[in-house]
């Protein structure tokens, strides 16, 4: 809890400064790089302990699965809220695109004069856009603080309630070696890495795809909102599905259900209704990608504790490296997208893009995610903890707790008898 409390104010400040445009002629790249890295570091200081709290809410697998479902529902709802706030505030400020210079040569008229007119017009528009981003950042920062206060006031850290603390502390590197050599965890992370990368490529490039490839420049905020709202509303369904049919089955069906719609968006024409239908369908699969891998992590930790009964207290490492690989996938997604679009000749704020850019966007939102989803599902196939093993682990853990409770009761009785 101290990590959450002390990282919050600095995370909010760094987030606000990400959207601030400094009045400097040089060094803006370093400004944004510095504050973006600081913000990601501070968010990690919040996210890792927040996620790890799931293990200490309850000892029951069903209750932890339910807590994970609630947590992911609220996280996706937060994404919806952020998309709505920033999308609607910034979307109301129309930032003009920059026409292709070839279209500016009219007869003998110099294109330079027309570019000067555009620059003059853009100055006021860019000022309004900067202000809109600052307002959105302030609102989202206020929500961040409010949520952190609710968490810190409403949840108490109860260390004495956990029986997972080791009697003798194990060094970090020894714990890390044990965790990273544990087969089920490695296979789960590998599947998570590729499926997360698939959906991050889709989410990161979908706005550009809607703007340039589909020609829906004024609708992409609402389309993104439809995706995330659909994901929020369908997480309870996937929670019911995994309890009814098992987690591995839910992973296969839930994540693979995105592939036909990812293929459909590149063959359809610029039809707004079809685009919204695809967005809602894609949101259903996004919900599965958000919920299911996180619901499988507590099962891995239970299995690890049974396989290594003398080495406990590694929950933080399990969760922190889970978060690390999600952020690693995010970084890889940004790198692939930026380099691919730059190589294709992407023009920032251009009214139109070369055909190579449209082809690249189709690959980034369709072909590449489909290939990564297939690879991720093949890796999930190797994940060994099925429903039968989960039930055996649950029974074994319950037997261990019963033995501990009986031993504790006998010890207390013996101590009381000796005192008497």
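Each position is counted from 1, following the chain as shown.
Backbone N, Cα and C define each Cβ position, glycine as well.
TrEMBL labels come from automatic prediction, so no person has curated them.
As annotated by TrEMBL, compositional bias 'Low complexity' applies to 406-420.
Marked as region 'Disordered' by TrEMBL: 396-420.
Residues 28, 31-32, 35-36, 38-39, 42-43, 45-46, 130, 133-134, 136-138, 140-141, 144-145, 148 of the same chain lie 6+ residues outside the transmembrane segment (6-22) yet bring a C-beta within less than 8 angstroms of a C-beta in it. According to TrEMBL, the feature transmembrane segment maps to 6-22 (among others).
Within the chain, the transmembrane segment (29-50) has long-range Cβ neighbours (under 8 A, six or more residues past its boundaries) at 1, 3-4, 7-8, 10-11, 14-15, 17-18, 22, 148, 151, 316, 319-320, 323, 327. The feature transmembrane segment is assigned by TrEMBL to 29-50 (among others).
A Cβ distance under 8 Å defines the sequence-distant neighbours of the transmembrane segment (132-155), meaning residues of its chain 6+ beyond its ends; these are 1, 4-5, 8-9, 11-12, 15-16, 18-20, 46, 50, 53, 78, 81-82, 85-86, 89-90, 92-93. Positions annotated as transmembrane segment by TrEMBL: 132-155 (among others).
Residues of the same chain lying 6 or more positions beyond the ends of the transmembrane segment (185-202) and with a Cβ under 8 Å from any Cβ of it are 179, 251, 255, 258, 262, 282, 286, 289, 293, 296-297, 300, 304, 318, 321-322, 325-326, 328-330, 332-333, 336-337, 364-365, 368-370, 372-373, 375-377, 379-380, 382-384. Under the heading transmembrane segment, TrEMBL lists 185-202 (among others).
Residues annotated as transmembrane segment in TrEMBL: 222-242 (among others). With a cut-off of 8 Å between Cβ atoms, the residues of this chain six or more beyond the transmembrane segment (222-242) that come close are 65-66, 69, 72-73, 76-77, 79-80, 83-84, 87, 203, 206-207, 210, 216, 249-250, 253-254, 275-276, 279-284, 286-288, 290-292, 295.
Annotation comment: TrEMBL describes 249-267 (among others) as transmembrane segment. Listed by sequence, the residues of this chain that lie at least six past the ends of the transmembrane segment (249-267) yet keep a Cβ under 8 A from its Cβ atoms are 191, 195, 199, 202, 209, 238, 241-242, 274-275, 278, 281-282, 284-289, 292-293, 296, 362, 365-367, 369-370, 373-374, 376-377, 380.
Feature annotation from TrEMBL assigns transmembrane segment to 273-295 (among others). Non-local neighbours of the transmembrane segment (273-295) in the same chain are 51, 65, 68-69, 71-72, 75-76, 188, 191-192, 195-196, 199, 202-203, 210, 214, 216, 219, 223-224, 226-232, 234-235, 237-239, 242, 247, 250-251, 253-258, 261-262, 264-265, 322; each lies 6+ residues outside the stretch with a CB under 8 Å from one of its CB atoms.
Per TrEMBL, transmembrane segment is recorded for 316-339 (among others). Non-local neighbours of the transmembrane segment (316-339) in the same chain are 40, 44, 47-49, 51-52, 55, 172, 175-176, 179-180, 185, 189, 192-193, 196-197, 200-201, 204-205, 294, 297, 300-301, 304, 364, 368; each lies 6+ residues outside the stretch with a CB under 8 Å from one of its CB atoms.
Summarising the annotation, TrEMBL assigns transmembrane segment to 359-383 (among others).
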